[in-house]
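Annotated in TrEMBL:
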| type | residues | note |
| --- | --- | --- |
| TRANSMEM | 30-53 | transmembrane segment |
| DOMAIN | 131-394 | domain 'Protein kinase' |
| BINDING | Lys165 | ATP binding site |
| DOMAIN | 420-484 | domain 'SAM' |
Amino acid sequence: GELSGIVYGRTGSVLETSFVSEEEGAQVRLVAGVMVAVVVISVVAIIATVFFLRSRADDECDKKQPNDCNALNYRNGEVYTGPDRPAKTSSNATTPLFAGTGSRTYIDPHTYEDPNQAVREFAREIDASCITIEAIIGGGEFGDVCRGKLKLPASCGQEIDVAIKTLKPGSTERARRDFLAEASIMGQFEHPNVIFLQGVVTKCNPIMIITEFMENGSLDTFLRANDGKFRVLQLVGMLRGIATGMQYLSEMNYIHRDLAARNVLVNSQLVCKIADFGLSREIESTADGAYTTRGGKIPVRWTAPEAIAFRKFTSASDVWSMGIVCWEVMSFGERPYWNWSNQDVIKSIEKGYRLPAPMDCPEAVYQLMLDCWQKERTHRPTFASIVKTLDKLIRCPDTLRKIAQNRSADPLAGDTPDLIQFSSVEEWLECIKMSRYIEKFRAAGITDMNAVVDLTVHQLASLGVTLVGHQKKIMNSVQSMRAQIRVSGPYGFLV
C-alpha cells in the first residue's frame, strides 16, 4: 500500500560514564548491611513484643469471667465498666454495681477444686482503694462486720453505704475458703428479698466481702427493739418479703438450712432480705440452740425433725423453718421454745408438740405456721404456696381480724420433758427480763406461780404494766407456762 510520510526524531545526548573506586564501594556495602540488620532486628523485636502481649492478655482473660474480658478494665485503681455493661445506681436503695447478665442456676462453690476460681466466677473483685471503713457494727465467726462506703466506678466520686465483712488475720486456709464460699454463693443471687453482694477484696489483707447495707440490722433484734410498734398487716408484709426471697432461692434449687429471724436483715423501708449463706459456719450452742450430730451443728429450734434425725435438708425443711420465723415475727422476736433444752425441744416435737399461737396472732397466720410444721414434709406447703397465702391475707385484711385460740390436748403418756420450772415469781420475772415489775407483783399479792398462770392483760394493766410491748412479753411467757404446767401438761398443742 501507500507509504507514510517521513518522520524525523532526535535521540538524547550520550552521557559521560562515571566510575566508583573500590574503596568507596566497600563503604556503601557496609552502610547498606547495617541498615538491613537494623530493620531485621526491629521487625523481630516487634513480633516478639506482640506475641508476649497476646500471651499475657490470654493469661489475664483466663482469670476473669469470659464476658469480662472485653468489658472490665482497671483505671487508676478503680473498676471501670465499658459501654456494654454500665454501672447502675439508685437514689433510694442499694443496687447492683453492674447490670445483670440473665438468670442463672445455683452452683455449689464447694464443687470447685480451686475455691478461688469460684470466687472469680461469681464475685466481683473490688479495689481496696474504693472502700472506706467507718465503724465496726458487729462481729461474726470469721471477723468483724463494719459499716462503710463504696466509691462507685466512673461516677465522679459518688459513694454508697455498704456492709463489710472482714476475715480476721491469722485465719486458717479452711476459714478463708469458707469465708469466700459465702461470697461465691451470694454472688449468684439477685432478688429484692435476698441480700446483694457488691463484691470482694481478695488481693490484699484483710480479705473482705462487701454487701448492701441494711440500716435496721437483723430482724429478731429489730423486732425486740420495737415490740408492739407494728400493726399486724405490717408484720404479715414482712413475712411476705421473706417468703418471696425463699421462693426465689428454692426455685434455684438452693437450700438455706439456717433460715431464722437472726439471718434476715431489714432496711430502712422495712424490706426484709435473706442473708447469712455460710454453709460451713459454726453455730454457737449457747446463743442459737445448736445441736451437735455426727454431721455437724444445726440450730434445733428452727430445724425440721427429719433434718435433725437424718440430716435430710430439703426445701421442705426450709419451709418448717419458715413457720418458726412466722412465729418469731408475730411474737416480736421471742425465742422459740423459750428456755427449753435442745433435748426437750426434740422430744416434744417427736411427740407432736407445736408452739402455741403468739398473743394477738391472727388465726389464718397461725394456721399457716401449723401447715409449715406438718411432720410429713410432703404435706407442707411450698414457698410459692406460702407467698400466695400471704398475698391473699394482705389483699383481704378482714381475714386477719380473727385471733387464734390455742387448743389444748390430753397429756401424753410416758415421760415428760424436764422443762424449766420457776420456784418464785421473782425468778420468773428476772428470767424474762421484766424484773422491774417485781415490786408491783408483790404489792398486788401475786407471790406464787399458780397466780401467774391465771394472769390476764387487764390484770397486768391494773398492776401498772402499761407498755404494750411489756404486756406482750409477759403474756407470751404466761401462755407458754400454761402450755407446760396446766391442763395440757407440758405439751401445749398437739398435731
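Any Cβ shown, glycine's included, is placed from N, Cα and C.
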| task | Just jot down the residues in the same chain as Lys165 (ATP binding site), at least 6 apart in sequence, with C-beta under 8 A of its C-beta; none if empty. | result | Gly140, Phe142, Gly143, Asp144, Val145, Cys146, Phe179, Met208, Ile209, Thr211
| query | When the domain 'SAM' (420-484) is classified with DSSP, how many of its residues are helical, how many are strand and how many are coil? | reply | 44 helix, 0 strand, 21 coil
| message | I'm checking region-level scores; what's the whole-number mean pLDDT for the domain 'SAM' (420-484)? | response | 83
| request: Translate the DSSP assignment of Lys165 (ATP binding site) into the three-state scheme. | output: strand
